[in-house]
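**Q** Reproduced below are the annotations present in TrEMBL:
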TRANSMEM  26-49  transmembrane segment
DOMAIN    41-290  domain 'G-protein coupled receptors family 1 profile'
TRANSMEM  61-82  transmembrane segment
TRANSMEM  102-120  transmembrane segment
TRANSMEM  140-162  transmembrane segment
TRANSMEM  193-216  transmembrane segment
TRANSMEM  237-260  transmembrane segment
TRANSMEM  272-292  transmembrane segment
Amino acid sequence: MGAGNHTGVSQFLLLGLSDDPELQPLLFGLFLSMYLVTVLGNLLVILAVNSDSHLHTPMYFFLANLSFVDICFVSTTVPSMLVNIQTQSKGISYIGCLTQVYFLMIFAVMDSFLLTVMAYDRFVAICHPLHYTVIINPRFCGLLVLMCWFITFWVPLVHILLLRRLTFCTGTEIPHFFCELAQILKVACSDTLISNIFLFVATALLGVFPLTGILFSYSRIVSSLMRISSAVGKYKAFSTCGSHLSVVSLFYGTGVGIYLTSAVTHSPQRSSIASVMYTVLTPMLNPFIYSLRNKDVKGALGRLLSRGAPCLRWATDLRTKWTL
């Protein structure tokens with residue numbers, strides 16, 4: 001099997017989650033259902049935030065952005081996986097693989113940044129409530145989100161440029177259901193030292209630093225709450241952080257779980273299954289966490305669905321009349 005550079009490699013082979021033909025219909029139905037639930041749930045959160053004036057606040061502005069990023073995040077991997085299962089094909093083009101890596105990294109890093117920004121929002125709201133509207137103003141919120149997008153677009157681009165320098169063997173197999181950067185580096189035929197160093201540095205800067213910011217924000221929040229004498233006041237203040245803490249725990253918990261799984265086990269299949277938690281399950285659960293634990297979001301969703309019910313009945317009645 002001869003080696004060649006990227007110009008000679010037309011495609012990679014994604015091995016997926018299982019080679020068992022009998023499991024393919026089950027996997028297709030499962031991931032299609034999860035994808036539709038993820039898109040619908042996050043889309044409802046975005047519509048609820050935009051349509052309800054009570055939710056036109058910085059916290060829900062960041063939540064709407066997080067839901068949009070989650071839709072894009074899951075759309076980067078699952079649709080191509082469903083197409084491969086349906087067509088019984090494991091191939092993905094070289095350019096398609098690099099494109100998937102690029103956008104997957106963008107939305108993963110953006111998720112991390114938005115969770116950090118939301119932690120800072122809660123820190124200012126609880127620790128500096130009198131200055132909240134001055135510090136967290138609409139212009140500042142917009143600049144924060146734009147700055148996050150700017151950083152996330154450029155850092156993954158460096159990874160792609162480094163990948164373009166590598167050579168790959170013809171018929172290279174990637175033991176995953178999507179093109180993951182770490183897996184691609186493992187199957188490269190040339191020296192990946194520079195790419196691995198940059199991956200380590202980027203992970204530290206874009207993963208560890210945001211997590212440190214979140215932990216610092218909540219340490220200050222806890223310290224501020226300890227000075228409140230009323231137990232009711234403590235609960236009321238900290239209850240606004242419950243949904244965010246749950247999402248942060250799920251996001252970073254699954255990320256650490258994937259890292260530990262990859263380090264402990266040498267089974268690519270187990271690592272792929274662990275990645276499902278991070279790339280599919282987390283974006284799907286986020287809207288449920290915020291809607292079930294947040295009275296404002298639940299109320300906005302209820303009003304949104306109640307406004308949509310008459311339109312649905314009208315469309316049903318109209319279809320009935322046309323069929324008669």
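Every residue gets a Cβ built from N, Cα and C, even glycine.
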**Q** Spell out yes or no: are there three or more C-beta pairs under 8 angstroms between the transmembrane segment (102-120) and the transmembrane segment (237-260), with each pair 6 or more apart in sequence?
**A** yes
**Q** Near the transmembrane segment (61-82), which same-chain residues lie under 8 Å Cβ to Cβ, leaving out any that are not at least 6 residues past its ends?
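**A** Distant contacts of the transmembrane segment (61-82): 14, 16, 28, 31-32, 34-35, 38-39, 42-43, 45-46, 49-50, 92, 96, 100, 103-104, 107-108, 110-111, 114-115, 117-118, 121, 138, 141, 145, 177-178, 247, 279-280, 282-284, 286-287, 290, 297.
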**Q** Other than its close neighbours in sequence, what residues sit by the transmembrane segment (140-162), given a CB gap under 8 Å and a spacing of at least six beyond its ends?
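**A** Sequence-distant neighbours of the transmembrane segment (140-162): 58, 61-62, 65, 98, 101-102, 105-107, 109-110, 113-114, 117, 181, 194-195, 198-199, 202, 206.
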**Q** Taking all residues of the domain 'G-protein coupled receptors family 1 profile' (41-290) together, what is their mean pLDDT?
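**A** Reported value for the domain 'G-protein coupled receptors family 1 profile' (41-290) is a mean pLDDT of 85.
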**Q** Cβ pairs under 8 Å only, please: of the recorded stretches 26-49, 237-260, 272-292, which one is richest in them relative to the transmembrane segment (193-216)?
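**A** The stretch with the most close Cβ contacts to the transmembrane segment (193-216) is 237-260.
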